[in-house]
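Q: Please read through the structure below; I'll follow up with questions.
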Amino acid sequence: MNWRTIIYVVLLVSLTVAKALPRTSRDVEGKTSIGQRFSQLHENNFKAIALIMFAQYVPGGTFGRAAGMAERVTALARSCAVAARDSPDCLKPLDRIFFDTICQEKNLPRIADCCAKEDSERNDCFLSLKNFSQGFIPPLRRPDSEAACRNYSQHQQPLTAYFTYEVSRKHPFLPAPTILSVALRYEEMMKRCCGGVEGSSQHLEECFRTQAPKVVKPVREDVLRQEHTCGILKKFGERTLKALKLTQISQKFPKADFVTVHKLVMDVADMHKDCCRGDMLDCMQDREDILQYVCSNQHILSSKIQQCCEQPLLQRSECIIHVENDDKPADLSPHVREFIEDKGICERFAQEKDTHLARFLYEYSRRHPEFSAQMLLRIGKGYEDLLQECCRPGAPSGCRSRGEEELRKHIYETESVMRTSCDIYNERGDYYFQNELLMSFTKKMPQLTSAELIKFTKEMTTIGSKCCQVGQDKLLPCAEEKLDLVLGEICRRHLADPINPGVCRCCSSSYAFRRPCIGKLEVDESYVPLALTPGLFAFHGDLCTTEEEKLQHRKQEMLITLLKYKPQISPEQLGSVTAAFSAMRERCCGEANPEACFLKEGPELIKRSEKMLSA
């Protein structure tokens, strides 16, 4: 059976693979042997999962060695299933068999220390190698189209397996079902683009250009979501992650009671702990258990998930995540004044603080699908602060009554920020909206490279293009939750290579207030501006390109350099310098020799600009 068939079979059995594999953190005596696992999964499913595991746990290995280890483990499993069931090797836990197989390999980088340890310590050590591998392996690149098709026609089966291996080692925390679905899309792309042997090289290039994003984009999105969630767990802890999931699940299932929602929150948080730790088998099993519970309890959760639950298990999770929120119960009161007005509030707050706050967040979230999860967390924090102040001895009577006014003020401020941003976007369009963001973020974070600033602001502009077109009731969930992903990227970048004290404060102090905090940052006073060197502003013939996208990119790079040189530049000064630059560009691009013109006019422009900026 070839690798394509393997992948199809794995997708059909979906996460039942996980059900048959052992839970490394929950191993118990009397669990199913490797031979029985092999019989449950069948050979090709077992081998596909083994290849992914070896690729993820041995970041410095090669495809040949990972495939060889997968073959050996599969051979052992086959023999245990057929005859040697009572052999000591057949009775070992599956995770131990995997790690023993790795440790039998010679000259694999960075594994000697792990192999010197035993059982759970060895498992933890191998998990640390996953952390090490992130960022170490170069990203996947689109191959030369003709060479790729030639390779595909000659080595179709191992090529798909090799792609699976490459995705696995590049993304050591990505769950196996996701990797296998990506491999299937890759196989479909190769078949579509390389199916016509007589196709021209131009046709092949165009096919790969249009099809490759369909393979790569879902991986990037899954990785980004996973890194984001794991970043929240690592930086702000389990309590914050549970609060976030509480708001999201309460909005998704407003008819579910608090006990049911609380159970789901705990299960989802446990799943993320396993997934973020890198325990692939536990992660897969957790995910399936949650989906099984949700789909078995549709009647008490949501009327909107039936179609999702009818899908294959692999697609079911993604479907439920993106399905619209269920309708609110018809008898749900619009207010939660009992959390302010009831006489026993302070006593309940003192006796069971977290449970009381969780109930408030649950009740408020299920009533307000038009609010973002982050905003709901800020409302929850405001409520907690209110009770801490008003429940203390000697607090004035009526102290809690000011809570509603403060709440209205925060809601108005948040909605105003989003509306103003959309007004600018709708008025100015993508390019000029991104330039506004570039000016703001270059002043806030001048330590970022031009490429980083352009990337982050481009992502924010894409959010504007999507969210500024939706209705007012969907604006906040769309805009702030998508923006939160970009800010999470920036904060992880800061964690890897500190940006500045202001960013550090915003990324560290509070998850819920991260967006407002970064929004209020101004010019970084700790930044030492760039010195004016001969090569700082270089003007060349590439400014005369007729490709609008390339020209805009070049202009944005120059805008960033100008702001790093003069962070305190005023809008009037910027307008004057921009006008002078545009005039020079128009003049030189009309010359027979633009390069010579720029060589002459460029230094003059810099001198004139210096006078404008020093005025």
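Yeah, the Cβs are placed from backbone N, Cα and C, and that goes for glycine too.
Pulled from TrEMBL, these are the listed features:
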{"type": "SIGNAL", "residues": "1-20", "note": "signal peptide"}
{"type": "DOMAIN", "residues": "22-216", "note": "domain 'Albumin'"}
{"type": "DISULFID", "residues": "CYS103-CYS115", "note": "disulfide bond"}
{"type": "DISULFID", "residues": "CYS149-CYS194", "note": "disulfide bond"}
{"type": "DISULFID", "residues": "CYS193-CYS207", "note": "disulfide bond"}
{"type": "DOMAIN", "residues": "217-409", "note": "domain 'Albumin'"}
{"type": "DISULFID", "residues": "CYS275-CYS283", "note": "disulfide bond"}
{"type": "BINDING", "residues": "ASP279", "note": "Ca(2+) 2 binding site"}
{"type": "BINDING", "residues": "ASP289", "note": "Ca(2+) 1 binding site"}
{"type": "DISULFID", "residues": "CYS295-CYS309", "note": "disulfide bond"}
{"type": "DISULFID", "residues": "CYS308-CYS319", "note": "disulfide bond"}
{"type": "DISULFID", "residues": "CYS390-CYS399", "note": "disulfide bond"}
{"type": "DOMAIN", "residues": "410-607", "note": "domain 'Albumin'"}
{"type": "DISULFID", "residues": "CYS422-CYS468", "note": "disulfide bond"}
{"type": "DISULFID", "residues": "CYS467-CYS478", "note": "disulfide bond"}
{"type": "DISULFID", "residues": "CYS491-CYS507", "note": "disulfide bond"}
{"type": "DISULFID", "residues": "CYS506-CYS517", "note": "disulfide bond"}
{"type": "DISULFID", "residues": "CYS544-CYS589", "note": "disulfide bond"}
Q: The residue listed as 'Ca(2+) 1 binding site' has how many other Cβ neighbours within 10 Å of its own Cβ?
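A: 16, counting other Cβ atoms within 10 Å of the residue listed as 'Ca(2+) 1 binding site'.
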Q: Which ones, of the disulfide-bonded residues CYS115, CYS149, CYS468, CYS491, CYS507, have a Cα no more than 10 Å from the Cα of CYS193 (disulfide bond)?
A: CYS149
Q: Can you grab the distance from CYS589 (disulfide bond) over to CYS308 (disulfide bond)? Cα atoms, rounded to a whole Å.
A: 57
Q: When a 10 Å sphere is centred on the Cβ of CYS193 (disulfide bond), how many other Cβ atoms does it contain?
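A: Around the Cβ of CYS193 (disulfide bond), 23 other Cβ atoms lie within 10 Å.
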Q: Within 10 Å of CYS468 (disulfide bond) (Cα-Cα), which of the disulfide-bonded residues CYS115, CYS207, CYS308, CYS478?
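A: Correct set: CYS478.
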Q: Filter the disulfide-bonded residues CYS308, CYS506, CYS517 down to those whose C-alpha lies within 10 angstroms of the C-alpha of CYS491 (disulfide bond); answer none if the list is empty.
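A: Close disulfide-bonded residues: CYS506.
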Q: Starting from each candidate's C-beta and looking 10 angstroms out, tell me which of the disulfide-bonded residues CYS422, CYS491 has the most other C-beta atoms.
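A: The residue with the most neighbouring Cβ atoms within 10 Å is CYS491.
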Q: Which one is closest to CYS295 (disulfide bond) in space, judged by CA to CA distance, out of the disulfide-bonded residues CYS207, CYS283, CYS506, CYS517?
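A: The smallest Cα gap between CYS295 (disulfide bond) and any of the disulfide-bonded residues is with CYS283.
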Q: Run through the Cβ atoms and count how many others sit within 10 Å of the one on CYS295 (disulfide bond).
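A: For CYS295 (disulfide bond), the count of other Cβ atoms within 10 Å is 18.
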Q: Using Cβ atoms only, which residues of the same chain lie under 8 Å from CYS478 (disulfide bond) while being at least 6 residues apart in sequence?
A: ILE463, LYS466, CYS467, VAL470
Q: Restricting to the domain 'Albumin' (22-216), report the mean pLDDT as a whole number.
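A: Across the residues of the domain 'Albumin' (22-216) the model's pLDDT averages 79 on the 0 to 100 scale.
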Q: To the nearest whole angstrom, state the Cα distance for the pair CYS517 (disulfide bond) and CYS422 (disulfide bond).
A: 20
Q: So if I measure Cβ to Cβ from CYS149 (disulfide bond) and keep only same-chain residues at least 6 apart in sequence, which ones fall under 8 Å?
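A: Within the chain, CYS149 (disulfide bond) has Cβ neighbours under 8 Å at MET190, CYS193, CYS194, LEU204.
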Q: Over all shown protein chains, what is the count of other CB atoms within 10 A of the CB belonging to CYS309 (disulfide bond)?
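A: Its Cβ shell of radius 10 Å holds 17 other Cβ atoms.
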Q: Cα-Cα, whole number of Å: ASP279 (Ca(2+) 2 binding site) versus CYS507 (disulfide bond)?
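A: Roughly 27 Å, rounded to the nearest whole number.
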Q: Roughly how many angstrom lie between the C-alpha atoms of CYS275 (disulfide bond) and ASP289 (Ca(2+) 1 binding site)?
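A: That separation, Cα to Cα, works out to 14 Å.
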Q: Given a 10 Å Cβ-Cβ cut-off, pick out the one of the disulfide-bonded residues CYS399, CYS467 that has the most other Cβ atoms nearby.
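A: Of the disulfide-bonded residues CYS399, CYS467, the highest Cβ count within 10 Å belongs to CYS467.
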